[in-house]
Amino acid sequence: MPVLVFRRPEMKGCLKNDELFHETTISYKMTLMEKINGNLILIGLMGAGKTTLGKQLAQMFECPFYDSDYEICTSSGVSIPTIFEMEGEEGFRNRETNMLKKLASRRNIVLSTGGGSVLRSENRQILRQNGTVVYLHASPETLLERTRYDSNRPLLQVADPLAKLQELYDQRDTLYRQTAHLVIESDSCHKTLKRLIQALDE
């Protein structure tokens, strides 16, 4: 299973799976995985908690976790800001589409996607056809609180990051909702995990 070598600051204080789901049985986990229809795919803006929650869910379901941004960095050998600097956003989006095709073709994984993955209709189709897509929704103010000290967010390296987050939210919220099978409020890790499991169980 891929292991991420960094931890983003959002969603601090997330409870361990055995603390939150200590009564979860193997058969129950298998039932939820069957409902997921292949993969569990997390979408949302930067700072929504996709990576943090994705790792928690992968531990719970005992399945591989992949972060598409991390996989892009690993395959290219450079950071996302460097890709943006050398190839522009279009170059990064091309790499992103290729990586999503590769990862989404797998089965029984938890996949965390980049915030801009829904900008291309091709990507939206790839995601919806290869699993259950969950939109982790949070306000721009909450997202800023979680990302303000993260230098690995090239789109936020501007004078007014809150205004930029609001712009991205206005641009992408509808696309996230069109792509997602489920929309879950992402205000805290404990509550978000509980909401998501309950939604999958319905």
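Positions of Cβ are set from backbone N, Cα and C atoms, glycine also.
Under the DSSP three-state reduction, THR52 (ATP binding site) is assigned to helix. All protein chains shown were included, and the count of other CB atoms within 10 Å of the CB of THR52 (ATP binding site) stands at 24. Taken from TrEMBL, the feature ATP binding site applies to GLY47, ALA48, GLY49, LYS50, THR51, THR52, ARG153.
Cβ-based neighbour count (10 Å, all protein chains) for THR51 (ATP binding site) stands at 21. Sequence annotations record features per position, and here TrEMBL assigns Mg(2+) binding site to THR51.
Applying an 8 A CB threshold to same-chain residues 6+ apart, the list for ARG93 (substrate binding site) reads GLY116, LEU119, ARG120. What TrEMBL lists as substrate binding site is ASP69, ARG93, GLY115, ARG172.
Across the annotated binding residues for substrate (ASP69, ARG93, GLY115, ARG172), the two most widely spaced Cα atoms sit 18 Å apart.
Counting every protein chain shown, the Cβ of ALA48 (ATP binding site) has 27 other Cβ atoms within 10 Å.
Of all the binding-site residues in the list ASP69, GLY115, ARG172, the shortest Cα-Cα distance to GLY49 (ATP binding site) is found for GLY115.
Comparing Cα positions, GLY47 (ATP binding site) lies closest to GLY115 out of the binding-site residues ASP69, GLY115, ARG172.
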